[in-house]
Structure formats: structure tokens, C-alpha cells
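Notes follow the structure.
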Amino acid sequence: MRFLILFLALSLGGIDAAPPVQSRIVGGFNCEKNSQPWQVAVYRFTKYQCGGILLNANWVLTAAHCHNDKYQVWLGKNNFLEDEPSAQHRLVSKAIPHPDFNMSLLNEHTPQPEDDYSNDLMLLRLKKPADITDVVKPIDLPTEEPKLGSTCLASGWGSITPVKYEYPDELQCVNLKLLPNEDCAKAHIEKVTDDMLCAGDMDGGKDTCAGDSGGPLICDGVLQGITSWGPSPCGKPNVPGIYTRVLNFNTWIRETMAEND
């Protein structure tokens, strides 16, 4: 099993370490420039770690397993190696993981049937509000359940190869199908709960991967998921990936933002 994160790992020049659980985009394509204006790049110090989602000028949503001790973020980025004047850099004043996420599962261990990665979400409060522009825009929280069979778009700067990780400079997108949770429950030893979504390509070859954690899953134009965890290697046939079901956490998200604004 893999998280879709690089714990303290991915920099512009390479990788220092790999996590027990990872997620990246395999089998995707270069996103159209500025087509994902809510996409956030979350760094630990100066090293890229995870994706994120801009909810409003003050708040970024990401995965709880992306928790670290020193955040900064980039908004409106497309290519890590290009100077993009429209991109915005922000520091983070507060990180609030969901209180029910089991952080102890981040320690390397052999996957167990009782492993439950539910509640894998975290809010980041920006120290300075984002400037909302054509290339930096928030996305709304969902208001209804996604439909099974929907085509969903995941995006991120995670690995584009399933085993020997290689990371793109350009933001990647991949189209995935929203599948019944039963498909993921059959494919994974870990628990698959109602707080998760199952998405992928049952033929294999398309998936999120190491470095995509915390990024968005957009189904029929609506934010529905946060990239969380999945198989290792990525993109295995009949082994879809797991995403945090955002709709189930709308109340916690809204209340947490209101209490900390």
C-alpha cells in the first residue's frame, strides 16, 4: 500500500526518501496551463511534498498524512522549473489535521486488515491571503454525492512512472472512473470505509502516485475527493486508488475554518 505523499522527499532535484504509502499520476497528460487554478503545491521547507486545494483566500485543503513541521505553499504554479509571475508564494500560519486521523499509521509497518486511513484531511491557514486571480481561484465544497461511473480528473506533480519514481516539472492530469467502494475493498487489505471514494482504471496504467497526495479529485466539475492512498506499484490492473470523500467532512471543514479565521 502507498500513500500519495513524499514524506520530506521530493525536491526539484530528486528524492531523499519514500513513505510507506504513496500516490502519483501515472498514465496522465500535461494539464492545460492554468486549467486547475485551485491546485496548490505544498512544501516542507523548500522541498515539494504534496498537493493541495484552495478553498478560499485563506485556506488550503490537503491530506492529513501530509502533516509536517514547516509548511509553505505555491498557488497558480504549472511548471516547477519556469519563472511564472502569476504564481503566488505563501507561508502557513496554522495546520489543522482532522483529529480522528490515526497518525500512528504513518510509521512504516506491514499493512494489516485493521488499518483504517479514514479522516485523511487537513486544513492549512495561509499567513497572508491569496490574491484571487484568473490563475489562482478557489473551488467550492461539494453539495451532493458523486455519481458512480463519473469521469473524475486528478491532478498533481507526483511520479509519472509506477515503480522507479520519476517526477514531472509540469502539472499532470489523469482521467479516472469513480467506482463502487466494493471494488477497492476487494483490492486492498486495509479498510475501505464510507468516508472514502474509490477511483481508477480497472485496466491499469492510470493512477495517482507518490507525490500526488492531498491533491483534488474533480468529478463532473465538482470537488469530491482528496488523493489519499493506493496500491504500490501505482496503476495496477483491478486495484483502484483511494480518495477522502470530501462531502462527508463539509461540516468539519466549515466549522474549523470559521473557528480559526
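Numbering starts at 1 and runs along the chain as it is shown here.
Placement of Cβ uses the backbone N, Cα and C atoms for every residue, glycine included.
What Swiss-Prot says about this protein:
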ACT_SITE  H65  active site, charge relay system
ACT_SITE  D120  active site, charge relay system
ACT_SITE  S213  active site, charge relay system
DISULFID  C31-C173  disulfide bond
DISULFID  C50-C66  disulfide bond
DISULFID  C152-C219  disulfide bond
DISULFID  C184-C198  disulfide bond
DISULFID  C209-C234  disulfide bond
DOMAIN    25-258  domain 'Peptidase S1'
CARBOHYD  N102  N-linked glycosylation site
SIGNAL    1-18  signal peptide
Exercise for the section: Would you mind pulling the DSSP three-state label for C198 (disulfide bond)? Expected result: strand
Practice task
Just jot down the residues in the same chain as C173 (disulfide bond), at least 6 apart in sequence, with C-beta under 8 A of its C-beta; none if empty.
Solution key: I25, G28, F29, N30, C31, E32, S35, Q36, L153, A154, S155
Problem - Pairwise CA distance, C66 (disulfide bond) versus S213 (active site, charge relay system), rounded so that it is a whole Å - result: 7
Problem - Distance from C219 (disulfide bond) back to D120 (active site, charge relay system), taken between C-alpha atoms, in Å - result: 19
Practice task
Based on Cα distances to C50 (disulfide bond), point out the closest of the recorded positions C152, C198, S213.
Solution key: S213
Practice task
Could you tell me which of these disulfide-bonded residues, C31, C50, C184, C234, has the fewest other Cβ atoms within 10 Å of its Cβ?
Solution key: C31
Exercise for the section: Could you say which of the recorded positions N102, S213 has its Cβ with the most other Cβ atoms inside 10 Å? Expected result: S213
Problem - Least Cβ-crowded entry, counting other Cβ within 10 Å, from the disulfide-bonded residues listed as C66, C152, C198, C219 - result: C152
